[in-house]
Amino acid sequence: MTATLERRESASLWSRFCDWITSTDNRLYIGWFGVLMIPLLLTATSVFIIAFIAAPPVDIDGIREPVSGSLLYGNNIISGAIVPTSAAIGLHFYPIWEAASLDEWLYNGGPYEMIVLHFLLGVCCYMGREWELSFRLGMRPWIAVAYSAPVAAATAVFLIYPIGQGSFSDGMPLGISGTFNFMIVFQAEHNILMHPFHMLGVAGVFGGSLFSAMHGSLVTSSLIRETTENESANAGYKFGQEEETYNIVAAHGYFGRLIFQYASFNNSRALHFFLAAWPVIGIWFTALGISTMAFNLNGFNFNQSVVDSQGRVINTWADIINRANLGMEVMHERNAHNFPLDLASVEAPSVNG
């Protein structure tokens with residue numbers, strides 16, 4: 001009888017724990033994805049802060065030339081970064097216990113792999129937590145779908161690209177200048193600016209910014225005033241009110257006259273779907289572009305594609321970009337190889353016709 005009561009008590013305790021985890025009455029929703037997300041993101045954040053402040057230099061290229069990334073080793077906020085795991089490690093799983101010592105683990109850039117893997121799993125759990133909370137509240141699942149765009153982008157630069165290139169040392173450094181270096185080298189090796197998927201991403205980001213500004217300014221300019229001229233129009237709004245807070249007909253009329261009638265949405269649902277879908281689809285395409293360029297399916301190459309009747313090259317902007325790419329290619333990792341890949345396999349292309 002005692003054993004039976006004990007089992008009931010433990011089951012009741014577990015049941016209360018489950019109810020607390022999945023309760024939507026908590027100030028911050030936890031959820032089952034949150035049970036995984038919280039320790040993963042705390043680990044990634046803690047290791048990032050410690051390594052950014054105090055990690056010793058990392059032999060990123062595997063040639064015994066360590067690169068400093070932390071504040072205590074001479075960097076500032078702009079130049080500092082978590083330096084990617086060494087090329088000597090490649091794609092091997094490199095936890096602390098796989099190294100002979102902590103010094104070796106730090107020298108080979110172990111913190112980068114630790115941060116990236118915990119971070120990627122953590123943001124995937126955050127996306128799952130968004131879906132889980134939407135499900136509990138009876139909402140539709142599109143918040144998590146929208147968040148999948150930045151998750152896909154992060155996964156592309158931190159995981160898919162290193163897999164395609166064969167080493168975590170090719171992943172994006174976790175710092176400002178390191179990110180710029182990653183972008184420049186990526187352009188040199190893959191001609192990303194000439195890749196149509198990157199162009200779609202640019203249209204998504206800049207177009208999304210434009211549409212967000214247009215929508216916010218139109219709504220703010222067509223608020224229904226419930227107050228006098230002597231107090232803020234915002235004071236006339238009550239959270240949860242049934243009445244609409246702005247006049248969509250007025251906003252539609254304004255924008256329809258500013259551009260033309262059919263350039264303006266007259267359906268709020270269609271408008272907000274468009275505002276969400278435009279940047280999300282653009283960033284999806286950019287992530288897909290990074291993931292294909294990871295395996296060296298690169299941007300368009302129009303070098304020396306225009307010639308005169310005598311066969312002489314007439315330079316275009318594509319040739320100017322190619323010249324810049326060659327310059328960036330020969331300057332990066334200049335001690336890691338005798339010749340850049342573009343120049344070592346065949347005769348260098350002419351850049352002046």
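For all residues, glycine too, the Cβ spot is worked out from N, Cα and C.
Marked as N-acetylthreonine by Swiss-Prot: THR2.
Swiss-Prot lists THR2 with the feature phosphothreonine.
Taken from Swiss-Prot, the feature transmembrane segment applies to 29-46 (among others).
The annotation chlorophyll a ChlzD1 binding site is assigned in Swiss-Prot to HIS118. Long-range Cβ contacts of HIS118 (chlorophyll a ChlzD1 binding site) within its own chain (separation 6+, distance under 8 Å): LEU40, LEU41, THR43, ALA44, VAL47. Under DSSP, HIS118 (chlorophyll a ChlzD1 binding site) is assigned to a helix (H, G or I) in the three-state scheme.
Look at Swiss-Prot and you will find 118-133 (among others) tagged as transmembrane segment, backed by sequence analysis.
Residues annotated as pheophytin a binding site in Swiss-Prot: TYR126. In sequence order, PHE33, MET37, LEU41, TYR147 are the residues near TYR126 (pheophytin a binding site), counting only same-chain partners six or more apart with C-beta under 8 A.
The transmembrane segment annotation in Swiss-Prot covers 142-156 (among others) and rests on sequence analysis.
The site 'Tyrosine radical intermediate' feature in Swiss-Prot is assigned to TYR161. The number of other CB atoms found within 10 A of the CB of TYR161 (site 'Tyrosine radical intermediate'), across every protein chain shown, is 22.
Positions annotated as [CaMn4O5] cluster binding site by Swiss-Prot, on the basis of sequence analysis: ASP170, GLU189, HIS332, GLU333, ASP342, ALA344. Around the Cβ of GLU333 ([CaMn4O5] cluster binding site), the number of neighbouring Cβ atoms within 10 Å comes to 16.
Residues or ranges marked as site 'Stabilizes free radical intermediate' in Swiss-Prot: HIS190. Secondary structure at HIS190 (site 'Stabilizes free radical intermediate'), as computed by DSSP, is helix.
Annotated transmembrane segment per Swiss-Prot: 197-218 (among others), in sequence order, evidence recorded as sequence analysis. Within the chain carrying the transmembrane segment (197-218), a Cβ under 8 angstroms from the stretch's Cβ atoms is held by residues 251, 254-255, 271, 274-275, 278-283, 285-286, 288-289, 292, 299, all 6 or more beyond its ends.
For HIS198 (chlorophyll a PD1 binding site), the same-chain residues lying six or more positions away in sequence with a CB closer than 8 A to its CB are ILE192, THR286, GLY289, GLY299. Taken from Swiss-Prot, the feature chlorophyll a PD1 binding site applies to HIS198, supported by sequence analysis.
Around the Cβ of HIS272 (Fe cation binding site), the same chain contributes no residue under 8 angstroms that is 6 or more positions distant in sequence. According to DSSP, HIS272 (Fe cation binding site) is assigned to a helical segment. Marked as Fe cation binding site by Swiss-Prot on the basis of sequence analysis: HIS215, HIS272.
Annotation comment: Swiss-Prot describes HIS215, SER264, PHE265 as quinone binding site. Applying an 8 A CB threshold to same-chain residues 6+ apart, the list for HIS215 (Fe cation binding site) reads LEU271, LEU275.
Here the transmembrane segment (274-288) has long-range neighbours at 142, 145-146, 148-150, 152-153, 155-156, 197-198, 200-205, 207-208, 211-212, 215, 265, meaning same-chain residues at least 6 beyond its ends whose C-beta is under 8 angstroms from one of its own. Annotation source Swiss-Prot lists transmembrane segment at 274-288 (among others), citing sequence analysis.
When the record's quinone-binding residues HIS215, SER264, PHE265 are compared pairwise by CA position, the greatest distance found is 11 Å. Within the chain, the transmembrane segment (142-156) has long-range Cβ neighbours (under 8 A, six or more residues past its boundaries) at 119-120, 123-124, 126-128, 130-131, 134, 276, 279-280, 283-284, 286-288, 290-291, 294. The record gives HIS215, SER264, PHE265 for quinone. Within 8 Å of the mean position of their Cβ atoms, the other Cβ atoms in that chain belong to MET214, LEU218, ALA251, HIS252, PHE255, LEU271.
Rounded to the nearest whole angstrom, the C-alpha distance between ASP170 ([CaMn4O5] cluster binding site) and PHE265 (quinone binding site) is 44.
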